[in-house]
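Per Swiss-Prot, these features apply:
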BINDING   52, 54, 56, 58, 63  Ca(2+) 1 binding site
BINDING   88, 90, 92, 94, 99  Ca(2+) 2 binding site
BINDING   160, 162, 164, 171  Ca(2+) 3 binding site
COMPBIAS  1-11  compositional bias 'Polar residues'
DOMAIN    39-74  domain 'EF-hand 1'
DOMAIN    75-110  domain 'EF-hand 2'
DOMAIN    111-146  domain 'EF-hand 3'
DOMAIN    147-177  domain 'EF-hand 4'
REGION    1-44  region 'Disordered'
């Protein structure tokens, strides 16, 4: 069986393609990024509706696969079944709207965590697993900010919950909220 993260990545891509778009003041088309939960829910409903080809209120693995194909994305039988299984809480082998919403929410959280891990890696020195005053100083220098090691110690101490003088990934994630 294939990796379960693949269907989620594909889900996110599909949702982006199906989300309503708007024009900005320069006339370019951009994704609609509303922080309003109601707008986000309407967008999800539109995506769900598109995928629910037979309009029975549930998305089958086959409907999921066909939705991907119409947008030029490939999803194997196994990936479609795995994607549905990830959020199928009632065990009927299909996704209702609530289950679909949960799958998208999980994907959003995983994507944010991966982005944070990527940013965290930029700030750590090779062979380290935390941000040290020295590694922070080097990264800030690359970004055009000249700081002393003592300045960096002070910056780290503001988010250093366990007072060990460095930032772990969890402390970094808290800082980035």
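Cβ atoms here come from the backbone N, Cα and C positions, even for glycine.
Here the features listed in Swiss-Prot are painted onto the structure.
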residue: 52; record: Ca(2+) 1 binding site; contacts (Cβ under 8 Å, 6+ apart): 58, 59, 63
residue: 54; record: Ca(2+) 1 binding site; contacts (Cβ under 8 Å, 6+ apart): 63
residue: 56; record: Ca(2+) 1 binding site; contacts (Cβ under 8 Å, 6+ apart): none
residue: 88; record: Ca(2+) 2 binding site; contacts (Cβ under 8 Å, 6+ apart): 94, 95, 99
residue: 90; record: Ca(2+) 2 binding site; contacts (Cβ under 8 Å, 6+ apart): 96, 99
residue: 162; record: Ca(2+) 3 binding site; contacts (Cβ under 8 Å, 6+ apart): 168, 171
residue: 164; record: Ca(2+) 3 binding site; contacts (Cβ under 8 Å, 6+ apart): none
Per DSSP, three-state class assigned to residue 99 (Ca(2+) 2 binding site): helix
Close in space, distant in sequence - residue 92 (Ca(2+) 2 binding site), Cβ under 8 Å, 6 or more apart: 58
Sorted by sequence, non-160, 162, 164, 171 residues with Cβ within 8 Å of centre, Ca(2+) 3: 156, 159, 161, 163, 165, 166, 167, 168
Close approaches to the domain 'EF-hand 3' (111-146) from elsewhere in its chain (Cβ under 8 angstroms; 6 or more beyond its ends): 12, 152-153, 155-156, 165-169, 172-173, 176
Extra residues within 8 Å (Cβ to Cβ centroid of 88, 90, 92, 94, 99), Ca(2+) 2: 58, 84, 87, 89, 91, 93, 95, 96
Near-site residues: Ca(2+) 1, ref 52, 54, 56, 58, 63, CB cutoff 8 A to centroid: 51, 53, 55, 57, 59, 60, 94
Per-residue pLDDT averaged over the domain 'EF-hand 1' (39-74), given as an integer: 90
Helix, strand and coil residues within the domain 'EF-hand 4' (147-177) as assigned by DSSP: 17 helix, 1 strand, 13 coil
Other CB atoms, at most 10 A from the CB of residue 99 (Ca(2+) 2 binding site): 19
